[in-house]
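First comes the structure, then the notes that go with it.
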Amino acid sequence: MGIRKKSSKTPPVLSHEFIIQNHADIVSCLAMVFLLGLMFEITAKAAVMFVTLQYNVTIPVEGVLGEQASLYHYGIKDMATVFFYMLVAIILHAVIQEYILDKINRRMHFSKTKHSKFNESGQLSAFYLFSCIWGASIIVSENYFSDPISLWKGYPHTYFPFQMKFFYISQLAYWFHAFPELYFQKTKKEDIPRQLVYIGLYLFHILGAYVLNLNRLGLVLLVLHYFVEFLFHMSRLFYFSNEKYQKGFTVWALLFVLGRLLTLILCVLTVGFGLARAENQELDLSNGNFNILAIRISVLASICITQAFMMWKFINFQLRRWREHSSPQPSSQRKKTTSAKGKASRKEKENGVNGTVTSNGADSPRSRKEKHS
């Protein structure tokens, strides 16, 4: 994310700079078109498809005579709903940036490198915190903690409550909104491949859980993963404000490893044992049943490969830091390299994302001046 420089000159209409500076207003007008469409009978049917959740069904509650529950399933019309809430995510992104993060940046006087990373961590920490609270409330209300067998019991989980469907729609909308944000935030070309991989992994796993009717397992894994990621980005925010705050990274490193282990355990229990012992193991697209051996192996393989990739990046990052800090040096050079080591360790803290060093780890203008002096 680059720094958006405010100039006194108004850029030409429909130019790149004009769109970047006013993208929140443009998107707000587009979202208002859908909301205004609800007011007119001619356009109401089309507007409802974008604004409200689709595929609502009423099912009688088991064991309770005369009581019915309103549940949802997924379909092609969900793409329209995801598009509308993607617009909402772009607007909220701009609001957080302008009214919270930009004000903090002006007070802290960050370098260009720290500025972009502070914005990234600020946006993601807000999203992860909101998603954790929302997802945890669904888990508690549906009793997934007290009854973990429900993660695979009764599969396929074709129908799910309003809150769970809205949660998945919001997750997809947020990660799809990250694509245009690469343009709006003037992301550096060398950072785009890393961001595309990061966004693509989220969309791949969320869409997989949503389409394969593994929504319960996906919800639990997302909350677990988001909690660990929230700790990392909060630790990085505190580190940017004061470089003495480094204990948060130690806590994050421990929880990162535990999070990977818990993810693998839950996936093996649910997919490898729970679904493998289910009676209905035939592919039935009409009923949303994907419980066959090939799909189970594919699900486990994709999750295991992703977790192994994250751990490999994490271990390499930690080993690199450990070698740099523990490498023996002559006593005559220790005093000369003390300040250089401090700067290197600070860069590692700033550039780390999920245990990896990001590609925009170049020296900031401020640090260059210190070195030349």
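Including glycine, each Cβ sits where the backbone N, Cα and C put it.
Some features that Swiss-Prot has for this protein:
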| type | residues | note |
| --- | --- | --- |
| TOPO_DOM | 2-30 | topological domain 'Cytoplasmic' |
| TRANSMEM | 31-51 | transmembrane segment |
| TOPO_DOM | 52-80 | topological domain 'Lumenal' |
| TRANSMEM | 81-101 | transmembrane segment |
| TOPO_DOM | 102-120 | topological domain 'Cytoplasmic' |
| DOMAIN | 116-325 | domain 'TLC' |
| TRANSMEM | 121-141 | transmembrane segment |
| TOPO_DOM | 142-158 | topological domain 'Lumenal' |
| TRANSMEM | 159-179 | transmembrane segment |
| TOPO_DOM | 180-194 | topological domain 'Cytoplasmic' |
| TRANSMEM | 195-215 | transmembrane segment |
| TRANSMEM | 218-238 | transmembrane segment |
| TOPO_DOM | 239-248 | topological domain 'Cytoplasmic' |
| TRANSMEM | 249-269 | transmembrane segment |
| TOPO_DOM | 270-291 | topological domain 'Lumenal' |
| TRANSMEM | 292-312 | transmembrane segment |
| TOPO_DOM | 313-373 | topological domain 'Cytoplasmic' |
| REGION | 325-373 | region 'Disordered' |
| COMPBIAS | 333-344 | compositional bias 'Basic residues' |
| COMPBIAS | 353-362 | compositional bias 'Polar residues' |
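DSSP assignment over the topological domain 'Cytoplasmic' (180-194) gives 11 helix, 0 strand, 4 coil. Per-residue pLDDT, averaged along the topological domain 'Lumenal' (270-291), amounts to 92 for this model. In terms of DSSP helix, strand and coil, the topological domain 'Cytoplasmic' (239-248) has 5 helix, 0 strand, 5 coil. Proximity of the transmembrane segment (159-179) to the transmembrane segment (81-101) is established through 3 or more Cβ-Cβ distances under 8 Å for residue pairs spaced 6 or more apart. The listed stretches are 31-51, 81-101, 121-141, 195-215, 218-238; of these, 195-215 has the most Cβ pairs under 8 Å to the transmembrane segment (292-312). Taking Cβ pairs closer than 8 Å, the topological domain 'Lumenal' (52-80) reaches residues 158-162, 165-166, 169, 210-211, 288 in its own chain, all 6 or more past its ends.
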